[in-house]
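Below is one structure, written out as structure tokens, with a few remarks after it.
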Amino acid sequence: MVATKMEKPAADLLTSPGVSSLFKSLKLKTKQQELLIRVAILCLVYVLAFITRLFSVLRYESMIHEFDPYFNYRVTQYLTRNGFYEFWNWFDSESWYPLGRIVGGTLYPGLMVTAAFIYWTLRFLSFAVHIREVCVLTAPFFASNTTIVAYFFGKELWDSGAGLVAAVLIAICPGYISRSVAGSYDNEGVAIFALLLTFYLFVKAVNTGSLAWALASAFGYFYMVSAWGGYVFIINLIPLYVIVLLIRFVGFQHVQSGEHMAAMGVFFLMQLPPIVAYMKAGIGRREWLLPVQINLLSGFLVVSLFASLPCLLKNFSEVSHSVINMPSISTLVQVFYFLDWVKFLLNDPKKFHTFLRITVTSAVALGAIALGVGTASGFISPWTGRFYSLLDPTYAKDHIPIIASVSEHQPTAWSSFMFDFHILLFLFPAGLYFCFKRLSDATIFIVMYGLTSMYFAGVMVRLILVATPAVCLISAIAVSATIKNLTQLVRAKSKPAPVGSGKGTTSTKAPSKGYYGKVLAGFILVWSQKLVSEFSAKPLKLDLENGFNGLLTSPFVGKINTKQVNEDRSISEKNENTSINMDNKGSLDQSPPFQKNGAIALLFGAFFLLSRYVIHCTWVTSEAYSSPSIVLAARGAHGNRVIFDDYREAYFWLRQNTPPDAKVMSWWDYGYQITAMGNRTVIVDNNTWNNTHIATVGRAMSSYEDEAYEIMRSLDVDYVLVVFGGVTGYSSDDINKFLWMVRIGGGVFPVIKEPDYLVNGEYRVDKGAAPKMLNCLMYKLSYYRFGELTTEYGKPPGYDRARGVEIGNKDIKLEHLEEAFTTSNWIRKMIHRGSIHRSGLGMAARKTTGDTTQEAFDFKQLLNQDGWSNLLQFALHYNCNATTNFCGVLL
Amino acid sequence: IDLSSQVVRTVVSLKVENNGPDSASEILLPFPEHVAKNLAFLEASVSEGKGKTKGSSDSLPIKVVNPEGMPATLSWYSVALPKELGKGGNLNLEVKAVYSHILRPFPEKITQADIQLVAFQDGAHYLSPYAVKVQSLTVKLPEPKVESYTKLGNTKFSGSEIKYGPYENLPPFSYSPIVVHYVSNNPFAVARNLVREIEISHWGNVQITENYDLVHAGAEIKGEFSRLDYQTRPHVRGASAFRNLLAKLPPRAHSIYYRDEIGNISTSNVYSDSAKTLLEIEPRYPMFGGWRTAFTIGYGLPLRDFLFQSEGKRFLNISFGCPMSDVVVENLTVKIVLPEGSNDISVSVPFPVKQSQETKFSHLDMVGRPVIVLEKINSVPEHNQYFQVYYRFSNISLLTEPLMLIFGFFLFFVACVIYTHADLTISKSSASYLAKLQWDEVQSTIQQFQSIMNRSLIVHDKLEASLRDLSRTGDVQACKAARKAADTLLKELAKEVKPLLSFLQSSSQAAQIFPKVEELVAKERELQEKLMLKHSTVVDAYEKKSSGGRDIENRVASVQQKITLLRQEVDDLLEIIDEI
């Protein structure tokens with residue numbers, strides 16, 4: 001568009017005589033060049049964002065990772081095989097035996113429908129792709145699209161330079177990559193795209209006041225709701241944003257403008273669908289709601305139609321959250337309007353105040369009563385634990401072990417912020433400064449988004465993901481603004497040469513026009529300034545401070561590092577006299593000396609920082625986030641690559657060699673994988689909707705064998721699957737997770753008491769372990785015949801490599817169960833896998849062993865890398881592995 | 001009889017003599033019913049000479065017959081002789097028969113530590129409708145371990161061979177059952193289903209994909225499977241299991257993969273030399289009796305090794321069966337996927353198969369690729385023979401798909417071009433649309449304005465240059481002329497600016513920019529004046545030659561400073577306007 005607009009004048013100019021036309025045409029070229037470079041960079045970023053996520057495909061294979069994605073993959077397969085309506089009505093009897101699960105109604109279908117849609121499109125274009133390939137590459141594809149959205153968002157917030165930087169930053173930001181590498185086929189993969197798109201379109205709608213953008217934003221929101229539980233964030237953030245605007249402008253003129261009405265109008269409409277859906281849920285009991293519903297619907301049929309669909313899919317407790325959270329804030333906004341209207345009607349401040357007092361009191365009272373009655377009668381379901389834990393990080397730990405047992409629900413450590421954001425962590429406050437400095441509707445929005453999401457990221461590790469786009473955008477503003485300032489400085493310096501200015505301007509203009517500097521170079525921070533000044537000679541330092549405080553970023557400096565600045569100030573004050581003198585003496589626009597050099601040095605510093613960021617991101621992606629966790633790889637003694645594929649060995653054995661209707665009991669972590677890869681019915685899986693059922697499994701695992709046998713018989717269990725890492729040293733095995741089983745089991749069945757399994761509050765498996773521990777089912781299954789095995793040279797038989805102790809009960813006899821299959825891994829002395837099969841009733845337990853050395857491997861890798869943050873990263877990474885693992889509870 | 005693997009191979013060397021009065025053109029071969037249904041492969045050939053140079057002669061045509069007057073419990077095959085056998089004539093025949101699934105594991109279920117025993121049943125005498133003069137039987141065993149065997153007269157057990165006979169002058173249909181019960185730990189790998197898909201790409205590749213559905217058909221395992229036992233002594237506690245299979249692929253096979261439904265299987269090795277490529281694959285777990293597995297192997301082969309041309313037709317010459325030497329396939333399906341647009345297809349297979357045709361859609365197919373489906377039940381390694389598929393295919397159709405892609409992208413770009421150039425506004429009279437039009441106009445005006453400004457700046461530069469020339473050459477006249485020229489030029493430019501300015505003033509869209517523009521014009525005028533002033537001062541000074549260069553400089557210093565300042569401002573303003 002820009003290019004075409006420019007062509008016409010260019011043609012005019014070419015006809016006009018003289019040098020000036022040449023000059024002019026040259027100048028036009030730089031503009032076109034700028035466009036070209038921008039498009040080229042965007043394309044590169046698009047491609048690179050995709051490519052950088054392919055490490056796991058190249059290292060391992062094109063496969064689905066982790067736990068949840070296997071469920072998504074299975075659902076997508078079902079969808080593509082059986083079509084949309086079958087999928088909608090799918091009752092899955094293979095999970096949660098004997099309860100089953102209504103899959104179509106209890107999941108967020110956005111991801112699966114998207115993948116299926118891509119698959120069908122490709123098929124239609126006659127590309128014979130496999131659905132697995134589509135699923136594996138969906139997340140990287142959407143990550144690429146996210147970069148484009150980030151560009152436009154940045155452009156909308158600040159300028160196109162900031163947009164470009166934002167695109168680059170978000171393309172490789174580890175916080176986002178962690179959930180969007182090839183193979184991590186999870187809701188978040190598309191949800192972040194949808195989130196950013198919704199926000200972008202919303203901001204666009206606010207800026208332009210166009211109803212089309214608002215509608216588009218509503219559609220974006222619709223997509224988001226269909227894809228991820230995180231939509232609650234949007235629906236709460238936007239009313240909050242509106243409130244802030246109201247407070248900021250203390251009055252209604254501003255928000256009453258058509259622009260805001262258009263943007264907000266659609267979002268107000270958005271509240272209706274949840275209400276409608278909620279009412280529909282209650283219709284059976286409350287017919288009187290029907291007319292109300294019809295009234296509400298009449299105006300907003302179109303919007304509610306598309307928006308209510310996803311909400312209906314959700315279980316209704318989620319709907320009621322939206323009803324409570326979001327409207328409570330946004331109705332407040334409407335109350336503002338209403339008050340304004342009343343004020344207008346009443347005309348008398350006194351009357352108005354009385355009116356206000358009465359209505360507010362009665363409204364509060366009514367609301368409180370309604371809420372109380374609703375909650376008591378169970379009409380409004382209470383918030384789920386995960387929402388409580390968002391507001392109070394310690395809540396889950398005390399009350400809901402099943403949430404606390406998931407490592408990604410832990411509060412975030414500083415190291416993981418550093419790991420996932422790297423320099424963005426420092427750029428974020430700087431960017432906030434710039435936003436505050438140029439407050440507009442758009443920047444207020446991004447500031448709100450950044451601050452709230454940062455809070456949530458601090459509460460839960462996995463929510464770093466939500467904060468990532470905001471952090472990238474705000475940091476991009478910081479980078480772009482600073483570099484712009486610096487390049488201006490460089491340019492301004494070159495201008496004062498008064499003679500031959502014609503040529504001078506041409507040459508200096510060219511670099512100033514494009515954004516090359518901005519794009520290539522990066523960013524400056526106070527500490528880079530400090531760094532540069534420390535390394536440079538003293539006069540230069542003085543000068544730098546001068547230049548900065550006087551001309552550029554002094555408030556910025558002041559904000560970030562007051563102490564440093566105070567020093568600077570004193571120095572610069574001293575110098576002020578001289579510089580003023582200089583100004584008087586020399587030409588007026590003469591800047592302090594060395595300013596240009598300083599700016600160039602800072603540009604280099606920025607470049608250095610940004611390249612460090614790139615290096616860090618690539619390293620993190622390749623080392624930490626590209627492992628499928630199904631297959632483990634390690635280096636053998638001779639540097640060869642050793643693959644441990646025990647999980648799939650076990651699942652495939654189950655798939656091929658057990659009766660098709662066999663029921664498998666395992667801890668819930670492996671549920672999705674067993675159904676997807678083993679194709680067998682499981683008792684519990686990663687959709688942790690029924691705590692009691694999980695607790696029953698936990699109870700079985702922590703009981704004596706005969707008691708456990710009774711439980712298993714009542715659940716019709718044929719096989720038991722146990723993951724054991726004692727042979728290879730794989731630390732995230734069932735023995736390490738066992739305390740959670742005890743806790744969750746004990747939470748429902750008081751028979752199970754945690755202290756029974758501990759000795760002096762200590763969890764042990766060796767000779768000093770508690771007797772109940774040594775004889776519970778989990779212990780027996782894991783260590784069955786382990787006492788005969790020598791795992792490590794120089795250690796007694798039965799030495800557990802994962803925990804580094806010799807086990808306490810070496811003579812384990814199984815009465816009811818028998819070993820059916822144990823996976824193998826001959827490379828290390830290894831794995832013993834037991835499977836247990838009970839004669840007569842066909843009970844069997846089977847234990848697979850993953851293996852590891854993974855931890856040790858990581859540690860070595862990390863030590864090889866330089867830098868302090870890496871050790872922290874290791875700490876984080878280790879934590880992630882050790883505590884438990886990724887569960888796939890929908891937020 | 002060769003019992004060394006799971007398939008039983010019998011080789012019968014017959015010396016046939018026609019004692020009757022008529023000449024015989026065929027020989028009947030009977031098989032008992034239970035054997036006949038497992039007969040996988042039958043071949044008869046004339047062994048010429050003295051028995052050593054046999055095998056090279058062509059196999060004789062064999063057909064199923066139902067001769068009258070013969071017992072119906074036998075299945076009959078008839079071998080047509082190459083030439084009629086006259087009275088007293090004789091002929092050496094070699095009949096090779098291969099049976100699958102006739103070894104029965106006994107006991108049927110064993111534990112992990114047990115060895116596998118199998119039983120084999122047959123007759124010690126050669127079953128024939130003809131009288132047999134002399135006959136002997138040798139049974140070859142895989143290991144010299146026999147649990148039991150039927151002892152008849154003249155039975156000898158030595159090494160891993162059991163010999164029966166020779167027996168003489170047996171009447172037709174003489175039958176003497178024997179049972180051999182022996183140790184066989186050979187893999188009983190049976191593929192329930194094998195689908196081989198051979199896809200021809202005329203870009204130079206033959207892609208072969210083989211889907212196996214494999215089972216260990218030996219004695220089933222019962223009781224526990226203990227990894228510990230298996231690990232410590234795999235050959236004792238797991239003797240009946242097999243761990244790996246060897247596939248012999250053609251030479252120059254490339255892009256080999258080995259995977260199953262849930263992903264790649266990392267336990268495989270490839271060894272290749274110029275004569276063959278060996279692929280050693282290991283299932284995910286050791287295969288015990290009764291355990292099943294399923295996997296896929298795939299590889300690419302260079303097209304030129306397998307595709308040839310004759311009489312204007314192309315033909316594919318490739319082997320039929322499973323590349324693994326010790327796997328019996330119950331249902332073998334071979335699919336040959338020919339390129340889209342192939343026609344006139346015919347197939348020639350050396351043994352009877354069921355043939356059908358279907359269509360497959362692959363990348364960028366419009367009408368689909370013709371697929372020849374050949375089905376064979378009970379396939380043994382002997383079926384691994386070459387077969388031919390003849391078809392016609394024109395080279396031009398090879399280009400369809402790239403052209404389609406090119407055309408697709410072309411359309412896409414054209415669409416983009418159209419989109420950027422077309423005015424898609426629905427309501428041409430809407431306010432925002434008009435505003436946009438106006439804004440475009442304003443922008444182009446400002447561009448013109450900018451160009452004029454720049455041109456006048458260049459004129460200024462020229463003036464300065466003329467001054468420098470003056471100081472060098474002292475040519476006052478030339479300098480004056482330059483000033484005159486510059487003066488007229490500037491006046492022209494000022495005239496040009498006027499309509500633009502009035503337009504900008506009238507346009508509401510330009511309200512924001514207009515002050516800047518006006519300022520710029522004013523500054524430029526001022527600059528122009530100052531410059532003229534400086535110019536005339538300097539020129540005057542030169543004319544009068546009153547003072548030296550220093551004096552002149554002093555006189556213009558203040559003007560010069562203002563000029564520099566103004567110039568700076570003008571540049572800044574230009575830039576600001578540019579950015580808008």
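Backbone N, Cα and C atoms are what each Cβ position is placed from, and that goes for glycine too.
Note that TrEMBL annotation is computational and uncurated.
Quick look at what TrEMBL lists:
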COMPBIAS  A:567-576  compositional bias 'Basic and acidic residues'
COMPBIAS  A:577-588  compositional bias 'Polar residues'
DOMAIN    A:37-474  domain 'Oligosaccharyl transferase STT3 N-terminal'
DOMAIN    A:663-721  domain 'STT3/PglB/AglB core'
TRANSMEM  A:35-55  transmembrane segment
TRANSMEM  A:102-122  transmembrane segment
TRANSMEM  A:134-154  transmembrane segment
TRANSMEM  A:160-177  transmembrane segment
TRANSMEM  A:189-206  transmembrane segment
TRANSMEM  A:238-255  transmembrane segment
TRANSMEM  A:288-309  transmembrane segment
TRANSMEM  A:329-346  transmembrane segment
TRANSMEM  A:358-380  transmembrane segment
TRANSMEM  A:417-435  transmembrane segment
TRANSMEM  A:442-458  transmembrane segment
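Proximity of the transmembrane segment (A:102-122) to the transmembrane segment (A:35-55) is not established, fewer than 3 Cβ-Cβ distances being under 8 Å for residue pairs spaced 6 or more apart. Same-chain neighbours of the transmembrane segment (A:35-55): 2-3, 139-141, 143-144, 146-148, 151, 160, 164, 167-168, 171-172, 177, 180-182, 514-516, 519, 617-618, 621-622, 626, counting only residues six or more beyond its ends whose CB sits under 8 Å from a CB of the stretch. When Cβ-Cβ distances below 8 Å are used as the criterion, the transmembrane segment (A:189-206) is approached by residues 110-111, 114, 138-139, 142-143, 145-146, 149-150, 152-153, 156-157, 176, 179-180, 213-214, 216-217, 220-221, 223-224, 227-228, 230, 233-234, 238, 259-260, 262-263, 266-267, 441-442, 445-446, 449, 465-466, 468-469 of the same chain, each at least six residues removed from its ends.
Beyond its flanks by at least six residues, the transmembrane segment (A:442-458) meets 156-158, 199, 202-203, 206-207, 233, 237, 240-241, 244-245, 248, 390, 411-412, 417, 428, 431-432, 435-436, 464, 466-467, 470-471, 473-474, 477 of its own chain at Cβ-Cβ distances under 8 Å. For the domain 'STT3/PglB/AglB core' (A:663-721), DSSP puts the residue distribution at 33 helix, 9 strand, 17 coil. The predicted model assigns the domain 'STT3/PglB/AglB core' (A:663-721) a mean pLDDT of 87.
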